[in-house]
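Below you'll find the structure, written out as structure tokens, and then a few comments.
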Amino acid sequence: MGQSLSSILPKSVASDATRRITHEFFTFVLDGDVDQLNELIETLTDAELERLLHMKFPPDGDNRGTALSIAVIRGHTEVVAVLLDEGANPLEPSSAVVDNNAERVLPLLYAAAGGHLKVCRQLVTNGADVNRGRDNGETPLMLASFKGHLGIVIFLVEKGADIDLADTRGTNPLMSASINGKANVVQFLLSRGANTHQRDSTGTIFALVCAIGGGHLEVCKKLVEAGADVNQESTNGLTPLMYACTMKEATIAALLVRYGAIINLLDMDGHSALMFASKAGAPGIVRFLLRYGARAGEADNTGNIFALMCAVGGGHLEVCRELLMARADVNQVTSVGRTAVMYACALGYTDIVILLVENGANIERVTVIGTTPLMFASKAGSVDAVRYLLLMGARTDRVDDRGKTAMDFATEQGHVEIVEILRVAANQQANPNP
């Protein structure tokens, strides 16, 4: 521990004798030395024992536990039995700092977290409340479910633990087990009627989403087989399939579709599963969705986002290829007239620029203010993209609505090499036959 117990006892523990007794008592509890503990208890007055049973240790720390809690955490069943027999209260909390918040934590929560089934039985037999754990509402069942302690989960439910009781964040036992991939616990909770559709306090999380977030295929399968709605939407309209696409979980996405997930549902902003998969850079999922009828040309509510634009934005060449093979419109425009090739030029993704042009992208198309792909590439400082566009015949003399040319953009940004490339190209275009 770094320092002796006696050195951290407060001055309020007045006499040397009292300090010695306190030191020995907590040493025996920590070490699980039940024989020495019993011998010490035999020498104590009722008042001394009462003080020790209710004392929080270490006295001045952030995490301070009663002797019972300390014994519970360490799984010392014999010590727990002695302390309970001597009057330790299983409903007396310890003090703990959790996520920077000071909270009171009951012994049963520690026992459930540690997988100490026998200790759980001892505590419940002596009056522990199976539905109380700590101040934020987390229950022993939630923590046992998260940890995968099936025996404790079964015991707590048999003793009356509420399967669907949620903490202040809205997390319930089924979510806890699902997010950590504890399939056997999920199976048991479902067999006892756990609610698969219950949401957290934000309205965005439910058990199936938890399982997807952790990439737990087996848990996802158990949930959908038990009737979890594969099209359940979060408050912002996101579906399980959209989450699977975002997480690049191809096998889970296929499972969801097999169980009836609607591919072309949109969230509140008009985003589709295909857009999420394209943005995430998941060519296999994109191919799968397209095969099952995903609409490649669908734009979001702003008109500025569609699958090809999502793929370009992430620099995902193979996703772009999949979309183009599915006949996505290479010249589809946003509400301000931008195309995928303009976006690729602005981001400096020359390999994507080449792919788009090879598939028919118009390199002379302009935005609503007259900006060309060459202007985007020149402003971004993408030397390779500028060279390629010029090789494909891009004009250097085009001007936007403000009268600016590609060379003007390059000059403003200090891209000296591009300025020189454009100067040479401009001369060649002005004098094609010197």
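Residue numbering: from 1, along the chain as shown.
Just so you know, glycine gets a Cβ as well, placed from its N, Cα and C.
Taking Cβ pairs closer than 8 Å, the repeat 'ANK' (63-95) reaches residues 25-26, 28-30, 32-34, 37-38, 41, 49-50, 52-57, 102-108, 110-111, 114, 116, 118-119, 122-123, 126-129, 132, 134 in its own chain, all 6 or more past its ends. Residues annotated as repeat 'ANK' in TrEMBL: 63-95 (among others).
According to TrEMBL, the feature repeat 'ANK' maps to 103-135 (among others). Long-range contacts of the repeat 'ANK' (103-135) within the same chain, counting only residues at least 6 positions beyond its ends with a Cβ under 8 Å from a Cβ of the stretch, are 66, 68-69, 72-73, 75, 77, 80-81, 84, 90-97, 141-144, 147, 149, 151-152, 155-156, 159-162, 165.
Summarising the annotation, TrEMBL assigns repeat 'ANK' to 136-168 (among others). When Cβ-Cβ distances below 8 Å are used as the criterion, the repeat 'ANK' (136-168) is approached by residues 98, 101, 103, 108-109, 111-113, 115-117, 120-121, 124, 130, 174, 176-177, 179-180, 182, 184-185, 188-189, 192-195, 198, 200-201 of the same chain, each at least six residues removed from its ends.
TrEMBL lists 169-201 (among others) with the feature repeat 'ANK'. Mean pLDDT for the repeat 'ANK' (169-201) in the predicted structure: 98.
Taken from TrEMBL, the feature repeat 'ANK' applies to 236-268 (among others).
Marked as repeat 'ANK' by TrEMBL: 269-301 (among others).
As annotated by TrEMBL, repeat 'ANK' applies to 336-368 (among others). Same-chain residues lying 6+ beyond the ends of the repeat 'ANK' (336-368) with a Cβ under 8 Å from its Cβ atoms: 304, 308-309, 312-313, 315, 317, 320-321, 324, 330, 374, 376-377, 379-382, 384-385, 388-389, 392-395, 398, 400.
When Cβ-Cβ distances below 8 Å are used as the criterion, the repeat 'ANK' (369-401) is approached by residues 336-337, 339, 341-350, 353-354, 357, 361, 363, 407, 409-410, 412-413, 415, 417-418, 421-422, 425-426, 429-430 of the same chain, each at least six residues removed from its ends. Summarising the annotation, TrEMBL assigns repeat 'ANK' to 369-401 (among others).
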